[in-house]
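A short worksheet on the structure shown next.
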Amino acid sequence: MSGSRNNRVMVEGVGARVARGPDWKWGKQDGGEGHVGTVRSFESPEEVVVVWDNGTAANYRCSGAYDLRIMDSAPTGIKHDGTMCDTCRQQPIIGIRWKCAECTNYDLCTVCYHGDKHHLRHRFYRITTPGSERVLLESRRKSKKITARGIFAGARVVRGVDWQWEDQDGGNGRRGKVTEIQDWSASSPHSAAYVLWDNGAKNLYRVGFEGMSDLKCVQDAKGGSFYRDHCPVLGEQNGNRNPGGLLIGDLVNIDLELEIVQSLQHGHGGWTDGMFETLTTTGTVCGIDEDHDIVVQYPSGNRWTFNPAVLTKANVVRSGDAAQGAEGGTSPFQVGDLVQICYDIERIKLLQRGHGEWAEAMLPTLGKVGRVQQIYSDNDLKVEVCGTSWTYNPAAVSRVASVGSAISNATGERLSQLLKKLFETQESGDLNEELVKAAANGDVAKVDDLLKRQDVDVNGQCAGHTAMQAASQNGHVDILKLLLKHSVDVEAEDKDGDRAVHHAAFGDEGTVIEVLQRGGADLNARNKRRQTPLHIAVNKGHLQVVKKLLDFSCHPSLQDSEGDTPLHDAISKKRDDILAVLLEAGADVTITNNNGFNALHHAALRGNPSAMRVLLSKLPRPWIVDEKKDDGYTALHLAALNNHVEVAELLVHQGSANLDIQNVNQQTALHLAVERQHTQIVRLLVRAEAKLDIQDKDGDTPLHEALRHHTLSQLRQLQDMQDVGKVDTTTWEPSKNTLIMGLGTQGAEKKSAASIACFLAANGADLAVRNKKGQSPLDLCPDPNLCKTLAKCHKEKSSGQVGSHSPSMINNDSETLEECMVCSDLKRDTLFGPCGHIATCSLCSPRVKKCLLCKEQVQSRTKIEECVVCSDKKAAVLFQPCGHMCACENCASLMKKCVQCRAVVERRVPFVMCCSGKGTEDVADDIAGGNIPALQKDKDNTNVNADVQKLQQQLQDIKEQTMCPVCLDRLKNMIFMCGHGTCQLCGDRMSECPICRKAIERRILLYSMSC
C-alpha cells in the first residue's frame, strides 16, 4: 500500500506549484519565504526535483522530513469529478478541493479559497486528491497569509531550463514581461504564462505544465497571498502531522507530575507560571505547529504550546459516539455524571441547532462543569450548571473522567515510558542529567564535584539543554564561572538554536550577560528564528538586559526570520522606554521587514502614537518620515488608511511629513482618507494645506472619490444634519464654519461622503478637472441640488467670500481656537504641562486629566497672566525648553533668556500654535541675527526651502556613509572583518580599526560599478 501510494504521489505531483515547507533548511535557494517553484520530477519516493522561478534547480526531501508545501496543484491536472467551485463555477474543481465544514455542499477551488471567498470564520476540509483523507483546518480568519512571489503578472523573465522555442524572445538573455497567467490546456489550469518580449513578440510559455519551466524570472512579481499553513506538505500522508495520534479538536489532559512536564517542555515552548491552569483543566487541540508541537486552548482563552509527550487524550464522548448512542436507544451518559461544557462559542452554537438551540444567557456556562439532571429520549442532556439548567447536545459536553485503578496503572506505565524517553539519548549515563540539574538549581558544590570526574561531558545535554544554558537562564553566576574554567562551549545550541546568551536574555539576567561577554560569547548570535539576544530581551520587556547588551556594542538592528528588528518588536510590545534606548544606540529606523514596513511604517500601521512620538523626536534624518514601502505607501498613507488620527497629527505637525506623496496607484493620503470616509483625517490634511486636486492612476481627485461614495440614502440623512441644514435638500446650504473649520464633531455628518465633498469644494477643490474616463466630479454627483451646493461653495471660495485666507475666516478661526474646548463659553487661559498646550479655561482645567489635544497626562496647570514686562497685553509666547509663558509677542521677540527662570530661550511658540492652530515657530538663532520670520511668509517658498534642506541632508548622509572616516577626503573602499572601513591609503597604515579598536585581521577592497 505504501509503495503504491508513493508512486501515485510521484505521478500526480509533477507540475505542482510549491513553496518552502515546514522542514526547510536551505536558506534562500528558493529566493525567500513565499517564493514559488515547479515540481519537475521525482528522483525517488524520498526526493523531488524542483525548479524555482528564479532558475535554481535542486533536490528536496519529501519523506521523513518535508521541505515543500503544495501551493497549487491545478497544473498537475488532478480533478475532482462531480464537484464545482461555488464562487467561480469551475467544474470540475482541478487541483486541491476545499470543502466548507459548516455549510452543506459548499466547495471552493484553490484560487477562491486563498482569495478569501466565503466566510472567513468557517472551517474547511482540505481534500488534496479524489478519495484522499480530508483534513480539517483552522478558520482562515485565525491563520497567517503570506505573499506569493515569482513568475506572475508583472514579472520580468528570460528563457528558462526547458526553453525550446528558438529565438522567439529575440535571443538568449533577452527579457520580457509576464502579462497574465493562463492555462496551457483546459485540463491543466494556471500552467502557463503569457509574455510580451522587449522585441515586441508575444506568446504563451509553460510554467508547470508537465513539470516544464520555459521561463526564469530576473525580477519577480507578487502573485496574491496564500494561507501557508493550510497548504498540504508534499509527500506527507497525513496533513495534520499528528504526533501521538492527536488531531485538531481533540480534548487533552496533562496527567504527569509538574517536574516531568517542565523537563519535557524544554525546547517545546518552555514553561511559565501562567501554565499551572493546564495541570487541572481539559483543553482542546487547536493547532499543530511546524515543529510537531501541539497548541492547546483552555477555557480561560489562553493558548499554550506543548511537547506532544506531555498530553493525554481525554476520556470524553465525541459526536460520533453520541450518534451511535442515539441509534441504539441508550445514552453514554448517566444521571449524576459531572460534565464540562464546551468553551468554543462558535462550535457550541453549531452543535446546539436542533438540540435546545443557543441562547445568549448560556454564555456564562462555557467551559464550566455541571451535573447531568435528566437524559431525554433523543439523548439530549439537561445539565445543571452555574445555578441554572439548560439543554445541551451530548456532543457539546465532555464527561469528567473518574480516577480508577485502570487509569492509575496506565498513567504509571506512561510515566515510566516518558522518563525513559526523556533520558534515553544520553550517552554517558546519568552524569549529564545531574550536571544540568545541579547547574539549574545553583548547586555549586555538586557541579564542582561532577566536573572533577573524568567521564562527565561539560557540554552534555539533558532534555535538550546544557548546564551552561540552564545556569544562564537562572542567573547562577558562580556556576558559569566554574564551567568557563573547564572550557565549556559558550556557543552550544539547543533544539531551537538558542545559546547561553539567549537564555540569559530570556531570564532577565544582566550579570550573566557580562560574564558571557568576558567569556567570549557572541552577543549577536542568532537562533533558528534568526533572533538575537536583543530580540528576546525586547520581546520579554527586559529593559536592563537591553541596556546591558547595547553597552557591550550589540548590533541594534539585526533582523529575524520575519525581517523584524528590535525596533519593530519594541513598537509591537508598546515599550517606548526600550524604543528610546534602541534609538539612542543608533538603531536603524529605515530597515524594512519582510512585509516592507520600516519602524515608522510599523508604528503608523499599529496606531501607536507614543511610539511615533519617540521615533520622530529621535529621527536621525528628517526626510526618513517620507520613506515609501514597495507599494509607495508612506507612514502618513498608513495612518490615513487606518484612521489613526493621533499618529497622523504627529506625522503632519511634528514630523513635517510631505502631504502630497503618491503611492503606486498615485493616491495621496487624502485620497485614502476620503475613500474610507475618515473625516478627522480629511480635516487634518486639508487644514495642513494638502493639495486637493492631485489625480490618481485613474485620474480621480479626492473630490471624485467623495462623490463616488455618495448615495441617495446618504443625501436623505443630510436633511437632519445640524450643521448643514434643517430644511429639505432644495434649500440646503452648508454653514461656512462647518465647511472650512471641519466636518463637524458629532452627528451623521462624520460619515457622510456628501459633507466631505462640500468641505473639499469649500476649500478650493476643482470641480472641472476630469479623470481618464472624461468625468468631472459633478458628473459623478447624482443629485442636482448637491451639484448646486458644490458649485456655490466653490464659487464663494474663488471669490474670497469663504476663503481660508480672507479676514473673516481668520477671525472665525482665531475665535474658534481661543474658546474653551470644554464649556465653549470662556476663552482658553490655562497652560498644560509638560506638553505646552492650551485647551481650556481656568474653571474647566481642574477636570481635565489628559490634554485634549495630545492625550498626554497633565502634570501641571498654569493660568496665563499679563505680560511680566509691559503689563499691557496677555502673555502669548511659550518659551522652550523651559515651558514658561510670561511675555507678549512684542516683548518675547526681544528676549534671549526667560525672565521667569533665566533659562536660555531656544524656541518660541506662539499662542495660536499652543492651541493647535497654525503659526510660525521662532528659532532663537534667527532672532539673534535679526531675521524674524514673517507670519505671512509665502508657503511655496517655504516648501521649496524645506525640499532643498532635505536634499542637502540626504547628500550629507550619503557623504558620511561613503567617505573615509579618518581623512574625510577620499571615498571608503576598504572594509575590515569587524565591518568598519576606510580608504585604502589610511587602511594600509593601520593595525587596528579606528572605529571599534579591534585588531585588523584582514582587509577587503571594494570596487565601484565603474571598475
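Glycine too: its Cβ is placed from the backbone N, Cα and C atoms.
What Swiss-Prot lists as domain 'MIB/HERC2 1' is 6-74, and the listing cites sequence analysis. The zinc finger annotation in Swiss-Prot covers 80-132, 820-855, 867-902, 964-997 and rests on sequence analysis. According to Swiss-Prot, the domain 'MIB/HERC2 2' annotation covers 143-221. What Swiss-Prot records for 430-460 is repeat 'ANK 1'. The repeat 'ANK 2' annotation in Swiss-Prot covers 463-492. Taken from Swiss-Prot, the feature repeat 'ANK 4' covers 529-558. Taken from Swiss-Prot, the feature repeat 'ANK 7' covers 631-661. Marked as coiled coil by Swiss-Prot: 936-963.
Residues of the repeat 'ANK 4' (529-558) grouped by DSSP class, helix first, strand second and coil last, total 17 helix, 0 strand, 13 coil. Sorting the zinc finger (820-855) by DSSP state (H, G, I as helix; E, B as strand; all else coil) yields 3 helix, 7 strand, 26 coil. Residues of the same chain lying 6 or more positions beyond the ends of the repeat 'ANK 4' (529-558) and with a Cβ under 8 Å from any Cβ of it are 496-497, 501-502, 504-506, 508-510, 513-514, 517, 523, 564-567, 569-570, 573, 575, 577-578, 581-582, 585-588, 591, 996. Residues 263-264, 266-267, 422, 435-442, 444, 447-448, 451, 498-501, 503-504, 506-507, 509, 511-512, 515-516, 519-522, 525 of the same chain lie 6 or more positions beyond the ends of the repeat 'ANK 2' (463-492) yet place their CB under 8 Å from a CB of it.
Sequence-distant neighbours of the repeat 'ANK 7' (631-661) (same chain, 6+ residues past either end, Cβ-Cβ under 8 Å): 596, 600-601, 603-605, 607-609, 612-613, 616-617, 619, 622, 625, 667-670, 672-673, 676, 678, 680-681, 684-685, 688-691, 694, 854-855, 946. Note on the zinc finger (820-855): mean pLDDT across this stretch is 85.
Listed by sequence, the residues of this chain that lie at least six past the ends of the zinc finger (820-855) yet keep a Cβ under 8 A from its Cβ atoms are 609, 646, 861-864, 874, 878, 880, 883, 885, 909, 911, 914-916.
Applying DSSP to the zinc finger (80-132) sorts its residues as follows: 5 helix, 13 strand, 35 coil.
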